[in-house]
């Protein structure tokens, strides 16, 4: 390439890059060949399609035709565009790695939806990633990338075949410095489809920017543009295709991307505002409608859109309305104004919309070029900089209805095909001459005759079209067709309905002509050819636009146009001239090609439509390209790479060849029995004519690999083991020497340490009773450690285990502290594990201990006995009593009650509830003592079961203190004291207890030790009761 020059490498590639072209040949039955030049039956269209299908099925979307890259749209994201993959392709030549988008001057073409736009994006991403970075190049990188979404928004639209179809051609030059860093860029645009502004086919949309503005524009912006966030159906120019929304397109996100891209590229806020005003003006212009009055004069029927348009464009509303409904004609210096018919007014409106949008698009491209331009003129003029071009242009188009746009597009593809054939043959011839190979004439279809048919002066279709547009009188599309028939009669590649024979005539309409292009036959309908070619805007409308206050419109329409009396060039002539300049650019840059193919119309990944692909292969001229390249030699490789790969097939060249490379290759092909007609040896390369020769060589290599592998493995294993043995032997000797020294030094160090330890221990033992100081510190530490370890091994296992090691004198205090901590820990651990019932039992036992310990003789016998929940079963308590008390009964026990008069013993039941103590006789509640009125409880210090409940004597409900006896006095008193919260109101008397008999009367119970338990009433004192309790030391009765 004449643009950027990268270092070339073909063997010993850095980073582990493999020569995979030849490697892939072994898998050709499964994945096909990655270069169509290696296709055996290269003349077969079926073989060509089958190779594409195999590779597409395996996810291989790229295939070469020599230096041409064929790309099949996968309709899904592939993992081949990672940064790691980009690094693999840095500076690598063809065939060193699998086919891929690469750094070259590239011409991208293909049908709409084939992936041209995506391919150009990937190339730009590759450039911006792989090229070196300088301090001032990051901005250019970002602007190069962000130019794509801006151009897509204003120049792309949804069509029947593609949701993001480019409706213009684009050529971008990317300028690099001598280090390969991008420093600038320039964009050329071709043939914007302006007719889409005013009309779209069913199922298609207008340009993306209209929908993005309505869907994503901010409320303040839309208000300034006199728009609302409404559906596109409210705008006449957006309803023609009846496709306001597309599931695969997010117009709201698209607006955010475009808005951000404009800021990154460097557009000022005022410029963005002016640009959006133009977009809104086109929408308002489309909503402007016309009508006819009774006299047949045309007038505007929708006032608001005109007012909005006047406000946004900065023109007078009255002047604008007049320009939309009248035409100004200048003849011999005089001006005449004539009214327009309704049809002419609608046409003038649409022409104005197309002119405004088309020139705004041109202004946008110029603004992008200003942003991408390299500013250092001195540096720019130096020979150190270089340029790489990228052409993204429409492919050959054949629709059911083909018009002026398809004619221009297919003319462009004819020129590109002519250029391709010329450059392909030229590069082939130059390579043959450089290698000293005789050039053989190649037979191919030269489409120069078709190009001349279109562009020849005076006789070509373009010249005849311009002539008819300039002709005075009733020039029309039909007269243009008649002129073509008169002028081109007898031409082999031109035919009309009138000129055709009976069979062909049925396929051509009366308003159509057929061209026999290099890619096939196409019928063009002449309706609209003259209007689209004229592309004229009435003078009156031009004057209005030249007076606009909008800064972008004022730059697009100049008053000099009004002064120029010359007729502007027609659209097709402008396109022809710009195409000629493009050809000059491409000829100067040695272009390469990317041919994009759409595998199916449904945009479904993995689906391969044979009919559709065959159609595109034909119209892209891929088979013709292949036949031109295969006219000579199918495969060529420099000697070093060829010998490096296949040297193992010849004993004379294996394992190494030490002579000249050419002699080595000659020796190798002689051993392989290559026939003279199968190959040629050049100065630095070998040329192989037939793919089967290469395939046989490759298959022989695959068969030889087994024996080569065994030989290499045997030699390598022997060498590896010898080297390993020598290394191990040296290592063993070194380790042994080192280890003996280490072991000796370690033994001496251990002896010194042992002697020092023994010496310190003995000295510390002698001074063990002295205060701690350095001489006895080691011994004391040892004693402390030993004692602590002894404690660790002999810790008590439970609270009741009172064992503890004897501490040395110096650790007495520490021992007690540790023992206390250990006991506390055992207690805490025991408390954490105790059950709720057992906890309640212990709490009651603690209360009993606090009350009775060392106070009552029968207490020690009660300690091991558990307190029970109740001494009475539910069946033992009268049902009526239970119903009276409800579920409030907490504890019950059988007791003996002594009357206050006569002290007769009565069997009763004592029930303790949550709030009171109740004395029950069968079904009758004899007495209820609320805990709040209970004054105290009295018991004796002996082993009897008496206890007295003291109640207030002033309480009329109470008959006096209760004198009770039971067998479980400790349990009853404890539970009663806890429930009544009278733990501190239990009186334990040594000899006698006084109790209230009735109001003002008092009784006494004397407790006397005796041989057995007896309760007697004093004969002398009626209120005196004596209780004799059996005691071991007293056997007499008092």
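Using N, Cα and C of the backbone, Cβ positions are placed for all residues, glycine too.
Residues or ranges marked as domain 'Myosin motor' in TrEMBL: 32-702.
Per TrEMBL, the feature ATP binding site maps to 110, 111, 112, 113, 114, 115, 116, 117.
If you look at the region 'Actin-binding' (579-601), the same-chain residues 6 or more away from its ends with a CB under 8 A from one of its CBs are 1-3, 52, 56, 65, 67-73, 75, 101, 104-116, 119, 161, 171, 188, 190, 387-389, 391, 395, 411-412, 415, 419-420, 423, 427, 607-609, 612-613, 616-617, 620, 622. Feature annotation from TrEMBL assigns region 'Actin-binding' to 579-601.
Residues or ranges marked as domain 'TH1' in TrEMBL: 856-1029.
Taken from TrEMBL, the feature region 'Disordered' applies to 1019-1038.
Summarising the annotation, TrEMBL assigns compositional bias 'Polar residues' to 1019-1030.
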Worksheet item: Per-residue pLDDT averaged over the domain 'TH1' (856-1029) comes to what?
Response: 85
Worksheet, complete the sentence: Note on ATP: the CB centroid of 110, 111, 112, 113, 114, 115, 116, 117 has further same-chain residues inside 8 Å, namely 73, 162, 165, 395, 596, 598
Practice prompt. State which of the following binding-site residues has the fewest other Cβ atoms within 10 Å around its Cβ: 112, 113, 115, 117.
Written response: 112
Fill in: Cβ neighbour count (within 10 Å, all chains shown) around residue 111 (ATP binding site)
24
Practice prompt. Determine the Cβ neighbour count for residue 110 (ATP binding site): the number of other Cβ atoms within 10 Å of its Cβ.
Written response: 26
